[in-house]
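Asker: Pasting a structure below so you can have a look.
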Amino acid sequence: MSFLLSYFLHIKEEQEEVKIKQEPLQDFIRVCVKSEEEEEEEEEILKDESGEDTDPEPELEEHPEPNTLKCPVCNKSFEKKRNLRNHMKVHTGVKPYSCSVCGKDFAYLLTFKAHMRIHTGEKPFKCSFCTMEFATDYLLKVHTRAHTGEEPFRCSVCAKEYTTDNLLKIHMRTHTGERPFSCSFCSKSFMLNSSLRNHLRIHTGERPFRCSVCEKDFTEKGHLIAHMRTHTGERPFKCSTCDKEFNVQCSSNLKIHMRIHTGERPFRCSVCNSDFPQKSSLKRHMTIHTGEKPFPCPVCAKEFRVKGDLQVHMKRIHKSQKQTKKKKA
């Protein structure tokens, strides 16, 4: 084991007993010119914690400098000792910077300072295109791409482009089929951790998003936002072809409507090859082949293939029966 690796393992052991001495909170989060150490940390580390790729440029990998320093664990190359020391924290888990507010630990001074702004609300990095402000210059950099249209990360399979490497990694799961987030209650798995969190509320019954008008509760914030438009009448999503407006932009509204204009029918019956513009239409069609009648009448138990037929039945048969009983009474 190299001296450098032994040193960092020693520091990790000592970390449990002695945390780094903290200066007053405001001293840590004040806006100032970054030191040379912080500049190098930002280059090697901040991108990693924000979802960016930290691997060296291909040219550095293929044509290393004569005095290149290599990590004894993974053989990654660095030009400066300080960068190698920063990188070693990935392997040793050393996190010498501890937040005095919430107790969270950090390996790097720069990310520690950025974290402290969560508690203070400080956002010193201002967008030159709009009024938005950010806690780190990395977040500002990513946001600025929304104005400039820059999408430097391209999918090698379909050539789709993204503003961050993290978004590209998530997109790649649509090609690989990877679903790394699994539900502990059932067998379902998800591409996104946020999708898993939303799914878990089905099992827990948690509905943390409440409408301030009618007090209806929702499992997802997006569902609440869409619901609020039923109160406000807002319909912000407009069809570019016929100007029809919608209150939500999702597969059940604008996206499906657009198929009227495009003729797209992506859902195909595996029995007769009939095509449909939406999944629910295919599901309803499949009952023709299976003979399934999933909508039973709650009064007489007669079964129907389509929900609309059940509703017609309820109005014609049982509503008239109720009216007849009332007249006799």
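Note: Cβ is positioned from N, Cα and C throughout, glycine not excepted.
Remember, TrEMBL labels are computer predictions, not curated facts.
Annotation comment: TrEMBL describes 36-62 as compositional bias 'Acidic residues'. Annotated domain 'C2H2-type' per TrEMBL: 69-96, 97-124, 125-152, 153-180, 181-208, 209-236, 237-266, 267-294, 295-323, in sequence order. Annotated region 'Disordered' per TrEMBL: 35-68, in sequence order.
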Asker: Tell me, what is the mean pLDDT of the domain 'C2H2-type' (181-208)?
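Answerer: Overall, the domain 'C2H2-type' (181-208) comes to a mean pLDDT of 92.
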Asker: Where DSSP helix means H, G or I and strand means E or B, what are the helix, strand and coil counts for the domain 'C2H2-type' (181-208)?
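Answerer: Taking the domain 'C2H2-type' (181-208) as a whole: 12 helix, 4 strand, 12 coil.
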